[in-house]
Amino acid sequence: MSADFRHEPVLANEILELLRPRPGELFLDGTLGGGGHSGLLLEAGARVIALDKDPRALAAATARLARFGEAFRAVRSDFRDAKNVLEALGIAAVDGALVDLGVSSPQLDEAERGFSFSRPGPLDMRMGDTGETLEDLLRRIDERELARILREYGEEPFARPVARAVKAALETEAPLDTARLAEVVAGAIPRKAWPHRIHPATRTFQALRIAVNDELGALAAWLDGLPGVLAPGGRAAAISFHSLEDRMVKEKFRALTQACTCPPDLPVCACGAKASFAAITRKAVKASDEEIARNPRARSARLRAVEKLR
């Protein structure tokens, strides 16, 4: 296997502690990537069905994990379709489910994928090789919609001037690559407002990547599908890397673990409802200082987990 897709799984020890894989149990890894988390589960004796949209990641991870034989199966699919994939395979439920919502290092580092602003690459940003590219998106939407995307998905305070500058550059400069796009974005933000620790285009690139891949829609679908995917006693874990994702996971997990559905002004519960899930993590689990020193990209990782009760 090419070394390009080898990566150190984030929060590896914490994942094993929370998911507690046992020999023979079946797990669903919704974001195979370099195969790091799937490898952890397989090493513990579990069986794994893994999904990924990226054919290169699938090929590389499949080669890496081939030694586990029939215990490992990779499927080219978006994790939003996890339930459909399991049904197609004749599987009613799994003992655990995991998603790692970060972009893999190879995707970030390969200029031709269009995720990096440090080197020139095409305006692509697709996790797979199908669907609308970033350039397609930028040409299809107007300045107002672009500003909304930057504000909502990137929490960019200068969304309007950035959107204006990007649309203007798209019309006057051809071809526009990722390095030049980053320069355009940075130029639209007052230098005194540049973030201290990240490139000024980071928020914009995050927002555009989320929009191109409908990442929040995929996460919402995965979260909504958990009750129908997990067997009783099954555990689910999600690793997020920015506040939008973490907020979605936190709110959905909270909703799953709540029992009473009565209006908040009722003094006594009248519905008699019982929670179908229990929280495993009371707050987000973060990487240790040692892991961050070894893998700086783990700094923003947030892990939350729940267990299905019935």
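Each Cβ is built from the backbone N, Cα and C atoms, and glycine gets one as well.
Model, not experiment: these values are computed from the prediction.
Copied from Swiss-Prot, the annotated features are:
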type: BINDING; residues: G35, G36, H37, D52, F79, D100, Q107; note: S-adenosyl-L-methionine binding site
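Sequence features, as recorded in Swiss-Prot, placed on the structure.
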| residue | record | DSSP (3 states) |
| --- | --- | --- |
| G35 | S-adenosyl-L-methionine binding site | coil |
| D52 | S-adenosyl-L-methionine binding site | strand |
| F79 | S-adenosyl-L-methionine binding site | helix |
| D100 | S-adenosyl-L-methionine binding site | strand |
| Q107 | S-adenosyl-L-methionine binding site | helix |
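Note: H37 (S-adenosyl-L-methionine binding site) has non-local neighbours P9, A12, I15, D29, T31, L98, D100, i.e. same-chain residues 6+ apart with C-beta under 8 A of its own C-beta. Taking the centre of the Cβ atoms of G35, G36, H37, D52, F79, D100, Q107 as the S-adenosyl-L-methionine site, the nearby residues of that chain (Cβ within 8 Å, site residues left out) are D29, T31, L32, G33, G34, S38, A50, A57, A61, S104. The candidate set comprises the binding-site residues G35, G36. Of these, G35 has the most other Cβ atoms within 10 Å.
Listed in sequence order, T31, L32, G33, L58, A61, A74, R76, S77 are the same-chain residues six or more apart from D52 (S-adenosyl-L-methionine binding site) with CB atoms under 8 A from its CB.
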